[in-house]
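Step one of this worksheet: look at the structure below.
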Amino acid sequence: MTSIISRTLRRTVIAPSGVRSIATGALRRTALYDLHKAHGARFGPFAGWDMPLVYADQGALDSHLHTRSHASIFDVSHMLQTRIVGADRHRFLERLVVADLKELPVGSSTLSLFTNKDGGIEDDTIITQQQDSLYVVSNAGCADKDYAHLQQHAKAMQDQGADVKVQRIEDHALVALQGPASQRTLERLAGVDLAQMPFMTGRFIDIKGVPCHVARSGYTGEDGFELSVPADAAVAITKGLLENPEVKLAGLGARDSLRLEAGLCLYGSDIDSTTTPMEANLVWTIGKRRRVEGGFIGADVILDQVAKKSGERRRIGLVIDGAPARAHAKVLSPEGEEVGEITSGVPAPSLGKNIAMGYVKKGHHKKDTPLKVMVRNRVQDAKVVRMPFVPSRYHKV
């Protein structure tokens, strides 16, 4: 099985599954574009950006395994960074997301969801409580939609006298350093001790004399950091990280397989505007106070589902025998009834198995439930497993 997975990933270069790339028109480039090119990157269009997929010295498989054993740098500057300021910033953003932001300690981060009136998920986002603002990072594929959504609701509150403003951060790149060598690499470059900085926290740190916001988070299941750095310093800081021979550049191909092994959703594939938090197993993102008070868009639908444990389907993880199952492959009961659909699937390099994420009818989602998956007109055995597929190694203090 391992050799099959190796051959599959070595010959396949793809952008993350489920999100349509923009193949026409001018593509935007990040501040690190020339550095990627100098390292032999192979590029592909993704969410309106020309993004590195793999590099000359490493294919997607090698980058994946290197991240798990050492550390990799992912350019995620295509993601939307915003800053919410003003005395009413918490009241404003709590109208749009499910998190308890008023009680979030300064320096702490939380995964949250933008929701719609039908209880669907418009995007997932990481929000960090800063001393005088809320720092919000959301998906590249939803960037324009999210920013317009924020601006529309900010304008409505401003018209009612609220003190709130949405600032789009366009002069900073976003660089993710992921893997077990991340802490010592960043400590060496920044000259700081990060041992007491836990997962899902953020702080301001000078790196090579440049003020940066450093969040201990990521999208791989490994320990790591996301660095929001001034665009004009991004190349110098990235080169500084690369001075550690344990660190290499990695592209979107490895990023997709890493996040799926970690059981993390990709917006537009595993969650979308028709998916509720209950269906997606993301109820834990709803703050305890918010479950009582509501007050966010779609709260009536979402909290009713939570109270009744309703919803017709559930997101699951599957281990699949035979060929890998890709998005839209049908999931069947042992008797052959169609009960769901795959949303993401890859050969998992860390496991030597084929894994997938998808949705099935409620009742077919319990751990160890036997199922079938239709792959290229062949019926293959599958089993429901708990996620993450690979144990997470987030830093705890």
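Cβ atoms are placed via backbone N, Cα and C, with glycine included.
Annotations in TrEMBL come from automatic prediction, not curation.
Summarising the annotation, TrEMBL assigns substrate binding site to E226. The annotation domain 'GCVT N-terminal' is assigned in TrEMBL to 32-288. Here TrEMBL flags 313-390 as domain 'Aminomethyltransferase C-terminal'.
Across the range of the domain 'Aminomethyltransferase C-terminal' (313-390), the DSSP-based residue counts are 0 helix, 45 strand, 33 coil. Per-residue pLDDT, averaged along the domain 'Aminomethyltransferase C-terminal' (313-390), amounts to 98 for this model.
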